[in-house]
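Inspection log for the structure reproduced underneath, given as structure tokens.
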């Protein structure tokens, strides 16, 4: 029930006791402000790490070949290892249950791409349809490469969003032609990639098409695959170790040779990142709870002090006919009003500061520091409840004191 | 108006208890101007607190306006205080951050009177104690006598049955005391029951009836002979 008289009474008490009001308001506002800032900065750290490790599927494994660095089985070092189509078949046959997506890969850097008057050079990759999942590319228009494209060695390409922007400007590239190294292709799709600008400047063509154009025979530059997500991190690591071992055997590479065949398993990094994020989450949670507790203790102290200070006034009010209920109600409403208002102010200030910071702290590994609304609103509500409880206990005691004792309080 | 029978009150002090009021009998009729005289420790303040429902008694009966006071909880006590009693204290007990008018209006607020009406009534009582022009002043801007007048206006605002004054002149000089007593007399002449507690003989002599208290017992209860004084 809205009681105007009561609110007038409360506003008067608050405005005539400015120090008290400011003190308790400041405690709450400051607690919420600190909470928001610390939480936001913690989230900023988290965002940085998430950003660093996104862009490719977290269960990816990339396999590259190079020159041997150790002589083995009578073969000299410095021999170049070359993957061929048979290696693709070998891996698929051997590990069909452990592999989720698989794509051999042919890569050509600095390929001249022309559309009408515009031209630029890009990296062209010949891949299987599975490669879309490996890069976590998202189709903006059209489609990615299909099995049929592979089979037909079709002259089609899926291009990155930025390639479209560079060459086609505001127009849609879909269905238009693009000339790559003098050969004309049809654009069947435009994709975006969470991995960022570099990943959005790739051009994908069917693997078979690329192999036919860029390779004299059935050579493969590298492999990308993802392991079955049901594998644990340790299982994934032992899978990639076995894969490396078998490939080295197959190509007569010394098992200790680190250069000839390189297998990069994201699971290793993922494991470290997940542990790190876990610790970071705990720290953030700890800081948040700590700030809240400090705020709760602060407001409780102030409420006890306020009620103590007002003992005599409350005694007078009781002598004049205030019931215990009205005394408790008055103190609680004041307390809730001040904490809610100050909490809201602290929340706004905190969110505003975080927004103003934006990405300016990026070099300190703090990216887009922000707090979820429900977290800060929740924290504010907790403080309001704490302020209410903190006000209720001394208010109840004050209301129970005999007016004569309260009146003698100096 | 106030009827007390065999009233006892003791306060616990550690394990022992201090027996302050030892079976008082007192009957104050409507419209009387009574003073309770006694040195400190005689139990006079305790008596006023019990009569004023600021404290409860241990034994005996207390009738206020014909109503037996027993098993009072804080809420009932608050309502009865607001309805029947007006208080005037030695230390004034005005709320420091409220101006004179708001102080007078406060008991009316607890009576549930509308704001506008409250202010009209409060102003009317301030006028009665001669402080209409000081309505918007804070207690800290008023002299001791003026503060006590505001307190009296506040006590009267709810049209109580009894005004209870605890050493109303205790903190005032003799001239101001005189004017405060004049005001109380005037109120009494209008029919209000006034109950004053004092240890000053000359204050007590200005009332109509003096009840002397010593060590928790009434030692005398006599009417003041106004004709002799005049």
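One-based numbering along the chain as shown.
Quick reminder: no glycine exception, Cβ is built from N, Cα and C everywhere.
Model, not experiment: these values are computed from the prediction.
Residues of the same chain lying 6 or more positions beyond the ends of the transmembrane segment (A:21-42) and with a Cβ under 8 Å from any Cβ of it are 14-15, 280, 283-284, 287-288, 291-292, 294-296, 298-299, 302-303, 306, 335, 338-339, 341-343, 345-347, 349-351, 353-354, 357, 361, 366, 369-371, 375-376, 379-380, 383, 387. Summarising the annotation, TrEMBL assigns transmembrane segment to A:21-42 (among others).
What TrEMBL records for A:21-236 is domain 'MacB-like periplasmic core'. Looking at the domain 'MacB-like periplasmic core' (A:21-236) alone, the prediction's average pLDDT is 88.
Residues annotated as transmembrane segment in TrEMBL: A:282-307 (among others).
Positions annotated as domain 'ABC3 transporter permease C-terminal' by TrEMBL: A:286-403.
The feature transmembrane segment is assigned by TrEMBL to A:327-354 (among others). Tertiary neighbourhood of the transmembrane segment (A:327-354): same-chain residues 6, 9-10, 13-14, 21, 24-37, 40, 299, 303, 306-307, 310, 314, 317-318, 369-371, 376-377, 380, 383-384, 387-388, 390-392, 394-396, 398-399, selected by CB-CB distance under 8 Å and a gap of 6+ residues from either end.
Look at TrEMBL and you will find A:374-393 (among others) tagged as transmembrane segment.
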Structural state census, the domain 'ABC3 transporter permease C-terminal' (A:286-403) (DSSP three-state): 99 helix, 0 strand, 19 coil
